[in-house]
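Worksheet: the structure to be examined is printed underneath.
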Amino acid sequence: MPELSKAIAARRTFAIISHPDAGKTTITEKLLLLGNAIQVAGSVKGKRGPHATSDWMTMEQERGISVTSSVMQFPYRGRVVNLLDTPGHEDFSEDTYRTLTAVDSALMVIDGAKGVEERTIKLMNVCRLRDTPIFSFVNKMDRDIRDPIELLDEIEQVLAIQGAPINWPIDMGRDFKGVYNLYTDVIHQYTPGMGAVLADDRRIEGLASDAARALLGDDYDDFLEEVELVRGASHQFDTDAFLAGKLSPVFFGTALGNFGVREMLDDFVQWAPPPLGREAEQRDVSAAEPAFSGFVFKIQANMDPRHRDRIAFLRICSGQYDKGMKMRHVRLGKEVRIADAVTFKAGERVLVEEAVAGDIIGLHNHGTIQIGDTFTEGEALQFTGIPHFAPELFRRIRLRDPMKSKQLQKGLQQLSEEGSTQVFAPLNSSDLVVGAVGQLQFDVVTYRLADEYKVEALYEPVNVYTARWVYCEDARKLEEFRKKAADQLSIDGGGHLTYLAPTRVNLAVMEERWPDIQFRATREH
Ligand code: GDP
């Protein structure tokens, strides 16, 4: 295989999906430890500082962790793993959804005591849109968790995906002894208290061995029976079903105890798919194509307070980035030479010399890059499937100092391009309406407006129930609608006509009255 295709085939690009507190941060740290990206556990910044008193502080701390770890790359067993961080707070779920469009697989972490939780269900639904292959890790085996068979059942019922246990836990809580691999017939023994280091893999070959009998003691026969039951009642691992997103291999372990994570990662780098092809409006693009292409899925400000700039995260879909190469910014139809793409290592930004399909690079954004933008080596491609969701909460935003309305507009425009909040300019007034998915985003907007744009803004309630993007094939009809409904129409930050419905009933009435007009709850970038 030529060098480039070899490098691409080695990439494993994924994100972790889980409910808050299931152990995402902890397992991330152990993965980095295994990948030699950090030396001692505890060096990934925790999000629960002792002074986290308000929601706002929590968010700042979460931003703290994102700053150091937006994209983590480490080599492992001949592969190159890219782990994309997603914000933990629900108010930033849009960001998470879009990050999931940039991965080829996902790791679902489940708290064994709590089972499948609400946030996990939502994120799985997003993964299903693209049939993303899912690995599952049932965490916290060092505690008394729920019956593993029941948990498997819940995964299947609630998440509508088949679960194929790869290893099976031997006891739990204080008596947790390790896991038994159903395919290799090896027991990996658990040693408590080794969470911060890379403990040796203590193996027992064969469930029939004397060592296995000694380990299990009086429980030996019961365990044999349990294993038989599990083998009979659960699904076999099947590569095709896994790659189609229909079946998930399930691993048990404890992230805090750094146990079971290595076994999972070993299989992950083997089984998880290399960079997959992507759909563009014009055609499908295969990762193996030599010409560079990629799309922006996330924009983050203040990656480094000293630089005060914004980084656009680009997923490379095909080919290779070389420092100093010429790219086409397709939406603007402009050629740009990029010599300063960055990545992040241990919290520091590093210039990227080269990166290949599957990798994520950070582009400096001086206001010309938006979420969903495609970059290529020349071809006019537009990647699809990067969603924008109608906000659920709305506020009118007002200035304390009316002289600063230019700064306010600029600030809001830039914040909306980052995708975390949306701004609407009503056709018939000079107000500005901010829409968000979560309450916390409003706080972020005022904080950042003050901090970065030096404008003090405050919110007022506004009578908006929901927003819908307006589409219509018929220009005449659209114009008529524009006139008749002008009081409810706005232009959003991306220049799209948007209907701000005051009530649910009003929206229903309008949809009925204007059958030629489409009112869409999502729009693609
Ligand atoms: P996140 O919100 O999903 O990132 O969860 P964290 O990684 O921050 O973990 C939430 C809490 O669960 C923390 O107090 C962790 O120390 C704890 N935790 C994580 N993994 C385990 C585990 O395997 N066993 C136990 N007992 N606690 C764990």
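FYI, residue positions are counted from 1 along the chain as it appears here.
Note that Cβ sites are derived from N, Cα and C of the backbone, with glycine treated the same way.
Bear in mind that the values here come from a model prediction, so they are computed numbers and not experimental data.
What TrEMBL records for this protein:
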BINDING   18-25, 85-89, 139-142  GTP binding site
DOMAIN    9-276  domain 'Tr-type G'
In sequence order, which residues at least six apart in the same chain have a CB under 8 Å from the CB of D21 (GTP binding site)?
D111
Would you identify which of the binding-site residues S18, K24, T86, M141 has the most other C-beta atoms lying within 10 angstroms of its C-beta?
M141
Averaged over the domain 'Tr-type G' (9-276), what pLDDT does the predicted model reach?
88
So which of the binding-site residues K24, T86, M141 sit close to ligand 1, that is, with a CB under 6 Å from an atom of it?
K24
For K24 (GTP binding site), what is the secondary structure by DSSP, using just helix, strand and coil?
helix
DSSP three-state assignment for M141 (GTP binding site):
coil
